[in-house]
Every structure is written in structure tokens, then in C-alpha cells.
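Participant: Here it is, the structure in full.
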Amino acid sequence: MRVLGIDPGSRITGYGIIEKIGNRLVHVDNGAIHTDSHREFALRLHKIYEGLSRVIEEYRPDAMAVEQVFLAHNAQSALKLGQARGAAIVAGVSAGLPVSEYTAMQVKQAVVGYGHARKEQVQQMVKSLLNLPEIAQADASDALAVAVCHANSAVMKSVLRSIR
């Protein structure tokens, strides 16, 4: 199963792609889509949509996982972040991908085993799980963590279905 994880942002949207092969997690790619904060906001949303659409077309993931971000410094920031999430989700849905959403606490729990883990702990565990020496951008690291969360959650959902 190939998973595209997304860490949405109106200025920087991180993405990370992993593959679950048996019980191993394999890093495929990661990066970020940068938008110009001086451009019209609708054009920035379009850049997020187009950028993720290209990533989806190139890597052909089986699923998309998006972090639910609800912390913002003010109402305007929260609205912009929600719109960036929407652009990312529409890119996935337009490509026919199932889209799942996870809170930051769920991601931390799945990656580190502790829902209140610090950002550095999550980044360190992502590097360890994916056998990476470094991850260039924090946004990409967060996106990889979301992908790991989804891959592990999908396995658990499958196990629970087989028990029932």
C-alpha cells in the first residue's frame, strides 16, 4: 500500500510518500509545495492543488492522509489553513483517492506511542522508522508522520475487521 501524507499549510504544504511492504515501511519521496504569500490567495490554493495533483500523478498512491490542524493564532489564519486543507483534499478526491484525516495527537500516538510527544521526538522516530539520515524540511517530516500513521491505522483496521 502506497500512502501520500499531507501536512497542509497556506504558505508551505508538506507531502510525504511511503510504501507499506509486509510489515516494513519504505520511504518513497517527500517535499513541500511553497506558495508566495504576496500572491492572491486563490492562486496560492490553486498552486497547492496543482502541486499535489502532480505528485499524485507521478507516484500513484493508493490513499491520502491529511493532518487535521485546528490550532491557529487567529481566525483569519484558521480560515486560510482550512482552505489549504480543502485544496489538498480536493486534489486527492479528484484523483479518486480515499482520503483519511488524523489529528496531531493521533499522528503522535501512532508514530511515537505517546499522543503528547514533542515535534522533535516525532521527527526522530520518522527518520528511524523510514531509515532516513535526515529530512530536509519540517513540513515534509510532518507529512511523512501522517503517512506512517495512516499505514499503521490501515493495518489495525484490517486486523479488527478480520476479528469480527
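Yeah, the Cβs are placed from backbone N, Cα and C, and that goes for glycine too.
Okay, these came from Swiss-Prot:
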{"type": "ACT_SITE", "residues": "Asp7", "note": "active site"}
{"type": "BINDING", "residues": "Asp7, Asp139", "note": "Mg(2+) 1 binding site"}
{"type": "ACT_SITE", "residues": "Glu67", "note": "active site"}
{"type": "BINDING", "residues": "Glu67", "note": "Mg(2+) 2 binding site"}
{"type": "ACT_SITE", "residues": "Asp139", "note": "active site"}
Participant: I'd like the number of other C-beta atoms within 10 A of the C-beta of Glu67 (active site), please.
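Facilitator: The answer is 24 other Cβ atoms.
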Participant: Counting every protein chain present, what is the number of Cβ atoms, excluding its own, within 10 Å of the Cβ of Asp7 (active site)?
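Facilitator: The Cβ of Asp7 (active site) has 27 Cβ neighbours within 10 Å.
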Participant: Let me check the 10 A CB neighbour count of Asp139 (Mg(2+) 1 binding site). How many other CB atoms are there?
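Facilitator: By my count, 24.
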Participant: Measuring Cα to Cα, how far is Asp139 (Mg(2+) 1 binding site) from Asp7 (active site) in Å?
Facilitator: 6
Participant: Kindly assign Asp7 (active site) to one of the three DSSP-derived states: helix, strand or coil.
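Facilitator: In three-state terms, Asp7 (active site) counts as strand.
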Participant: I need the CA-to-CA distance for Asp7 (active site) versus Glu67 (active site), whole Å please.
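Facilitator: Cα to Cα, Asp7 (active site) and Glu67 (active site) are separated by 6 Å.
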